[in-house]
């Protein structure tokens, strides 16, 4: 077998019959599979051991040779080689065909490659292949031209003879008629009889004339056909062809079926055809030129590669190894077999029958029919259903052909190559483990024992508890006590991976240190639930075990949950206290707010003293008291120290200080690092998020992880101590509700009366009622808010951000308000009741639609979102950080601050997702002084400093302007949002971008919303809008943009409306037909700029690219995608969207080819285009010109240079057909291609720069070695870990944290 690590490219091409024979280990001659009595393969059949190898290891068919000592011997009795049975997965056979057949992919694919090469229409090609027309394969032009006069004379003579014969026959008949008439007259016959005789004779003479004319016409037709006969002419009239062959058979040759194409392909002159096509392209126009371009692509594909066109017609068919199309016995003696075996049997049966007919010398019509059936059998084998009705098996199910084996989710690519089932894995239900540390998980003992079995057995032998592995295995199976002691030892510091499906982003798989627990459920740390999107209502998780030392190191350093605190989408913490923890910490940090609570206004010398008072029940947690804090505690931000009294020293930072706060807040601050500023406010979810974000920005991971664990423990503790419960009595309906509703009911009646009197229209009534009841609902909500006491448990939950929101509370305690109907229109009758009061039957009924629609939408969204993620991953999978700096000086100008109405500079709203975590492209200079140098990371601190210095705009590096040939560079990408440091070389940023965009996809709403009102246009929003943008589709109701600077004129007729732009430079006017309902953004006579939007709606990205250029379309797409995500409150960094858009704009359409080896209209990679142009310019030629092409993500994925990646994505057969014709070579740059062939992916630690490291001493060490006198003089200190950089392990040191 081939070792995957020893090749760098994989090429696909067309196999000729000789290639197929060299792969084969023998010819399959019989359709038999296995003998039903002996269950052994039949000789020369589809499972023959002689061809494919033995069914049992080291054993021949007849049993003469058994055991491994006969390895390699070929049995002289049965002819089977003694070897391993697994060769039956590799060895191929072949079927020698009695007549050639065409490969259906090349004839029936769109476009038909055979048709393009031979310049034949697909339907004509089909006529030839399926024996409905003859094709002329050879004409002896020279001889025909030479003999034409003599042949013409011969034909003329024949024509003359026919005419003479006709004339003499007519004359004879006329004479006979005369004599007959004379006899009749003599006999005195009546006139009637004479007339009949005359008519009969005339009829006969007419037949003679017609027959002669037909013969002459046929002769003329045959002659004219022969005169103009040329190669590749088709003749569907069999009689005409036969006559042609009988008369002039020595001058031409023709036949039917694949044999005709084979002959034609053998004599086809590719060079001459290419030259002819280039001439047409140079001189031709329109349709002719387009077709010539398409044909030239196919012709030049054969010219530039080692492919032979005759490879598209097969003389023999390969038979794949039998273990890939197995036959298994079922209970009851029946057999289940792969569909391929049935398809192969059809081919063999028909082939054998054709051979027999040919041997018998059967008539041509019978032979042709059999050949056609053979062609159809091979078509079905290669791609069943591509032409005509598919071959079906039992129950009318179409059989799965070779093409179907590759296609789709169940095909070879996606089922077996990109996703495999793995061993050393387990699965169980998850429960919460509140006692765990952040980097730990609880693993059931039984599961751990099974997973770590080999490790435990080895350790048992090492410790002499067992003599050998066999007895160790027995000990483990019997569950001896010592086994569990050894298990504890084995799992120490051996991380395991936990995964929850669906794995929507990289945080769906994280590493943990296992802790053995009783029971059968896996225990999960509560803080990682957000990342996994897990809850404990029956969710299951899978456990995987990293085996090798490298795998364990990667799991510990890169995947340990405490190293994955930040979310890769926006660089903000994802490991956040939620729900109970938030409620507990909120309870802990609220103050009394004027309520009379125990112990208020007292003073304490320390937190410990105050805690004693609390334990003695003399002090409330929320009471405002004075507490003195020890040395080293940081006061709150913005705290002003009290004025020192005489004789007392001034306050210095780090001194002890006194603060008016609550005991709860003092306890909360003990959870945070000592040098963190004192938090003196109520901490809800939002505040907690800011604190954790601040911690992640400023402290090492170890401290952050420890602090998070402290917050978790305290949160649960105080949530329990708070005694927060929910009862129906906590839902307080505001007393003012009745009066509010009554007032609005009166307004409602007034509107109804106006409508009844005809003062307002139906639409106006609906609009007014909706406005009235929306106002009413809001007023009830305000009354309810005012009505809730701060200590109400439900209000506390919402106020802290632990669970629920005001809208849900309004529905429970206030009123439900307006709901929509099935058409998505708001029903103007509100639901006046709340859930606490209970709904009437009608109210309940009209509210059901919304609830059901919500569920249906969620189901649809999940599938659509998953498909979007798959396409995004596919388009961006080869974007990897390849180098540190590409050296570009280009970048994006981005706003970081805007001046408010008060003239104060404030950070822009989107600074988090646009500027944060990027690199500066140039120095930031204020008043001639550099305040931030280029290539510095823009973190929160630096952005605040720049805004403080009055900077409004900065130029940053971006992947859109990166000049790396493949992938992108670290400086243009900036900070890795998942680690908070500059991105490492080898990081697969493309996949992270795809996950970051795809993961929140399920949260985006589905459907188009009906805006209602005057315009009534449907606007696409949510997930469909994101798909529309990434697929670069023309949006529905597209808004036109001005192509030139000028003025607008509006032309309106009864049916149409047009916007006409008159350019200032006097060039031609541009007219934009628009809908009568479209809302205009410009008025009559208004000036417009280039690229200005003229109506309300979405613009077409292709127009933006054409008119405003590449940069504008990039900005437009990023902005539009962000709009959708922002509307749902999802935060994604711009750089992720930019990576996808960079991939969409990776290709150039060639306009003029110049001297470059590129065809006009061809789509090429930008890097290939630039390289080719550089080559042409250095050789003094004319470079090619092209324009950037915006491609949708599906199209861009399929157009990738890697055929393996494209084939495993979509349209597998089309991609493989194209790749084979072009003999494409896959240089294995992306991730997918390497996963498919089983190589390490070229990302992360799989990059060659990390794998091919040679450890060498430094120059200083060598010098020290040479000058060393004795052993003690040698200084080994500079050696480090070889020449690579050492990993700062203190970052991952959990020594003190584990205790």
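The backbone N, Cα and C atoms fix where each Cβ goes, glycine too.
Taken residue by residue with DSSP, residue 75 (Zn(2+) 1 binding site) is part of neither helix nor strand, so it is coil. Cβ neighbours within 10 Å of residue 75 (Zn(2+) 1 binding site), excluding its own Cβ and spanning all shown chains: 20. For 60, 62, 75, 78, the entry in Swiss-Prot reads Zn(2+) 1 binding site, with the evidence type sequence analysis.
Counting same-chain residues at least six beyond the ends of the region 'Disordered' (385-405), those with a Cβ under 8 angstroms from any Cβ of the stretch are 104-105, 108, 126, 320, 338-340, 342-343, 346, 376, 379, 411-412, 1212-1213. As annotated by Swiss-Prot, region 'Disordered' applies to 385-405.
In the shown protein chains, 17 other C-beta atoms lie within 10 A of the C-beta of residue 539 (Mg(2+) binding site). Residue 539 (Mg(2+) binding site) carries neither a helix nor a strand DSSP state and counts as coil. The Mg(2+) binding site annotation in Swiss-Prot covers 535, 537, 539.
Per Swiss-Prot, Zn(2+) 2 binding site is recorded for 886, 962, 969, 972, and the stated evidence type is sequence analysis. In the three-state DSSP assignment, the secondary structure recorded for residue 972 (Zn(2+) 2 binding site) is helix. Around residue 972 (Zn(2+) 2 binding site), the same-chain residues at least 6 positions away in sequence with a Cβ under 8 Å from its Cβ are 886, 888, 919, 957, 958, 959, 961, 962, 964.
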For this session: Out of the binding-site residues 60, 62, 75, 78, 969, give me the one sitting nearest to residue 537 (Mg(2+) binding site) by CA distance.
Result: 969
Exercise. In the region 'Disordered' (385-405), how many residues does DSSP call helix, how many strand, and how many coil?
Worked result: 7 helix, 2 strand, 12 coil
Problem set entry | For residue 60 (Zn(2+) 1 binding site): intrachain residues, at least 6 apart, with Cβ closer than 8 Å | 49, 54, 66, 75, 77, 78, 80, 81, 82
Seminar exercise, completed: CA pair residue 539 (Mg(2+) binding site) / residue 969 (Zn(2+) 2 binding site), Å rounded to integer, equals 40
For this session: Among all chains shown, work out which of the binding-site residues 62, 886, 962, 969 has the most CB atoms within 10 A of its CB.
Result: 962
Exercise. Rounded to the nearest angstrom, how far is the Cα of residue 969 (Zn(2+) 2 binding site) from the Cα of residue 62 (Zn(2+) 1 binding site)?
Worked result: 63
Seminar exercise, completed: Cβ neighbour count within 10 Å, max among the binding-site residues 535, 537, goes to 535
Exercise. Counting across all protein chains shown, how many other Cβ atoms sit within 10 Å of the Cβ of residue 78 (Zn(2+) 1 binding site)?
Worked result: 16
Exercise. Any idea what the Cα distance is from residue 535 (Mg(2+) binding site) over to residue 969 (Zn(2+) 2 binding site), rounded to a whole Å?
Worked result: 39
Exercise. Around the Zn(2+) 2 site (886, 962, 969, 972), what further same-chain residues have their C-beta within 8 angstroms of the site's C-beta centre?
Worked result: 883, 885, 888, 957, 959, 961, 963, 964, 968, 970, 971, 973
For this session: Within the same chain, and leaving aside 535, 537, 539, name every residue whose CB is within 8 angstroms of the centroid of the CB atoms belonging to the recorded Mg(2+) site, in sequence order.
Result: 430, 534, 536, 538
Exercise. Neighbourhood of the Zn(2+) 1 site (60, 62, 75, 78): other residues with Cβ within 8 Å of the Cβ centroid, in order?
Worked result: 49, 61, 63, 64, 65, 77, 79, 80
